There are 2 protein chains.
Amino acid sequence: MNGQTLHLGIAGLGTVGAGVVRLLRENAQAITARAGRAIEVVAVSARDRTRDRGVDLEGLTWHDDPLALVSDPQVDVVLELIGGAEGTARGLVEAALKARKPVVTANKALLAIHGAELSAHARENATPLLFEASVAGGIPAIKLVREGLAADRLLKVGGILNGTCNYILTAMRESGRSFDAILNEAQALGYAEADPSTDVDGWDAAHKLAILAGLAFGQPVRFDSLHVEGIRNIAACDQAFAREMGYRIKLLGLARRTEEDGIEAWMRPCMIPHSAPIANVDGVFNAVSTEGSFSGPMLIEGRGAGAGPTASAVVADVIDLARGTTLPVWGMAPKAAISCAPRTALRGQYYLRLLVQDRPGVVADITAALRESGVSLRALSQHGAEPAASEDSTSPAQAASHSVVPLALVTHETSEAAMLSVLEALEPLESVMGAPLLMKIETV
Amino acid sequence: MNGQTLHLGIAGLGTVGAGVVRLLRENAQAITARAGRAIEVVAVSARDRTRDRGVDLEGLTWHDDPLALVSDPQVDVVLELIGGAEGTARGLVEAALKARKPVVTANKALLAIHGAELSAHARENATPLLFEASVAGGIPAIKLVREGLAADRLLKVGGILNGTCNYILTAMRESGRSFDAILNEAQALGYAEADPSTDVDGWDAAHKLAILAGLAFGQPVRFDSLHVEGIRNIAACDQAFAREMGYRIKLLGLARRTEEDGIEAWMRPCMIPHSAPIANVDGVFNAVSTEGSFSGPMLIEGRGAGAGPTASAVVADVIDLARGTTLPVWGMAPKAAISCAPRTALRGQYYLRLLVQDRPGVVADITAALRESGVSLRALSQHGAEPAASEDSTSPAQAASHSVVPLALVTHETSEAAMLSVLEALEPLESVMGAPLLMKIETV
């Protein structure tokens, strides 16, 4: 890192890698002024040498093996933009840290899953590892939590952390269409991957939440202890119930301190009152919320993905390096990762949606299951048939074979353990069709 | 700044100063972990030694003269929490920088008005001057703009930067009551000062905007070149028109690059479409918005004032110092302050509200004035009498002396110069009573 110009080696030339090259050139003058020295890409590594990436790579050293960036003496800083928790990306980051070459990465899975270990490597080798781009793209969420709120005791951190899911849920709400129809459309528009599971099953967002939790509480969380649910089971009827009850459905992540000095952390679809600021973060936008005992509540929203915002975050990290700013990975000396509280320890209000046969006695069976688990009902709504008609078999719709209608109920505050025992009690009921959908209600 | 523990001297023990003492004690363990060393207050200076501030000051050195903190050899860092652009605060900050003692301040007026000069002092003496608490309290707006978005070319920065004004405007909207009534109530609740002019005339918010602009564009702006208007002239009828037209009234500040490579910057009440996220930042909350060519739009909202949020920001700066992080005041080498574009160069849509006599020909006179200035009308609304009746003198309300009714019009995009010439043309009209109210319409 000596000398005037800071020389970068980039591994991975996808949209983000190409965006970094472009940003460094377009904003070169301002970046040099802010960093106090020039910053230049000198070497790259990517699989395909021939693909047109929209940026001129003339004059850059091309390494077929990303690890060659570590041993290339002209490279001061390695930018890992390959992705994935294992394999090449992990090997490259470890090798660079061991060679005392600073690393900037956008890799959320790597940090979420191997963050404890990597922070130990970074400390042992006194080498910075920066990852602003791994969470919420252009939103400087990591700097906000680790430095902006460094003085405060954070009680919780969370947010809407996957733009694909937020786009799908927003489009479902606005159009009344199904998850599958909107997903297909999002794939056609390039907002969703051909294999959408990382996004729609909640993993991508959960990785980001785990990183935010580690920064907020100064200690990595065990990723496998997070409760993670995706949005595949949200149906058009859930959006209709949400509207009727004054909620919006969001894939929400939250990590908060528990009374027992532990941490609760989960990523799951939630019902949020529509008047809450975070309920109005729509489309591909992301949002990060914090609450501190001194700073109070805070919410930041912006573009969570895309070449431009992500490149902006990567280069902000590089500028910090150029200025000589270095911090421990989790904002303080490394600690072992801690486990989150089990799902059964969660508490709150819940939304439970069932598909039920529209015939006499069904509501009585369901409310009996709630009573037996000690869950108190706050509201109940049934669509597709008049509620009054559901106990009355004279209507034409309820002839020989009973029609199936969605039924939603909202509980008073209870434990998630109690809700899971309600689900168990409903399981054998013949009048309950298919899998019930359980969502937490969160006021954030 | 050598040695393990970092020792602070605090000048000014109002609610913020006392909050800093309390925060440092309550969060001592986490702060030490994050800073890598202990941080302790060792000396203070304030006028009244006897006042109960809710914190134990036993054992701290008490200086009657704040300047004694500079010469006190046990003090590593001076916290200037006195306030005010001139006098003691300014003298203290300058003296500390010249003595090469780092300064942390919450003083927005000082930075906004003397920022260019102070950044030169800081550079000459290679001594950090940090001021996160000067803008938007607990929101780390300065770190966000100066470091989080350091890689990006910012096109604009702005926001809602005064909690008192936002509280008053929100309460006026919700209650339908007058500015004076709500101001009196806010004073009784402690949300507004006995002398409210710094807040309600826009100066406090304008100071913060000038600081954000300096950081966004890497160069201080001449504070006296900002166009500043307060909220005293907003009437209940303006809130009613805003509701009817789908807007919310906010004291909004914005600084943006102009096509001529200059900067436009102003603080003034604006009409904002109610669907814009910033239009929904209500009550005492503040918000900061940015737009970058790579990062896109971003909005952060939180508590903009109060002992807790402000103390959190002050101590975050102290932790940065303890870690050895130092940056130039405006994020790059000092430049001379630049002047903002004149008010007449602004463009946009405008809202113009007049109090007019409800008699024939008035609307014709007003629309003629618009036409002569080349301003095209988009919408017009009159309250208090049926629009049809306004050209019809048979209604009982328009007997001998004509009643006075509010009339609002909204223009298509035009120049502010044209709107000022409309105001001039309306001036001599006898049917226009009192001063017209002109507001910019901003989509942010």
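Quick reminder: no glycine exception, Cβ is built from N, Cα and C everywhere.
Nobody curates TrEMBL annotations by hand; they come from automatic prediction.
In TrEMBL this protein carries:
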{"type": "ACT_SITE", "residues": "A:LYS208", "note": "active site, proton donor"}
{"type": "BINDING", "residues": "A:ALA11, A:GLY12, A:LEU13, A:GLY14, A:THR15, A:VAL16, A:GLY17, A:ALA18", "note": "NADP(+) binding site"}
{"type": "BINDING", "residues": "A:LYS108", "note": "NADPH binding site"}
{"type": "BINDING", "residues": "A:GLU193", "note": "L-homoserine binding site"}
{"type": "DOMAIN", "residues": "A:351-440", "note": "domain 'ACT'"}
Among A:ALA11, A:LEU13, A:VAL16, A:ALA18, the most crowded of the binding-site residues [Cβ within 10 Å]: A:ALA11
Cβ-Cβ distance under 8 Å to the residue listed as 'L-homoserine binding site', same chain, at least six residues away: A:THR164, A:GLN187, A:ASP199
Among A:LYS108, A:LYS208, which are recorded positions, the residue with the most C-beta atoms within 10 angstroms of its C-beta: A:LYS208
Rounded to the nearest Å - Cα separation of A:ALA18 (NADP(+) binding site) and A:LYS208 (active site, proton donor): 23
Same chain, 6+ residues apart, C-beta under 8 Å of the C-beta of A:GLY17 (NADP(+) binding site), given in sequence order: A:ILE10, A:ALA11, A:VAL44, A:ALA46, A:ARG53, A:LEU79, A:LEU81
All-chain count of other Cβ atoms within 10 Å of A:THR15 (NADP(+) binding site): 16
Helix-strand-coil residue split for the domain 'ACT' (A:351-440), DSSP-based: 30 helix, 32 strand, 28 coil
Stretch-averaged pLDDT - the domain 'ACT' (A:351-440): 86
From recorded positions A:GLY12, A:LEU13, A:THR15, A:VAL16, A:LYS208, the one whose Cα lies nearest A:LYS108 (NADPH binding site): A:LYS208
Neighbourhood of A:GLY12 (NADP(+) binding site), C-beta criterion under 8 angstroms, separation at least six: A:SER45, A:ALA46, A:PRO66, A:LEU79, A:GLU80, A:LEU81, A:ILE82, A:GLY83
Env. residues of NADP(+) site, Cβ within 8 Å of mean position of A:ALA11, A:GLY12, A:LEU13, A:GLY14, A:THR15, A:VAL16, A:GLY17, A:ALA18 Cβ: A:ILE10, A:GLY19, A:VAL20, A:ALA46, A:ARG53, A:LEU81
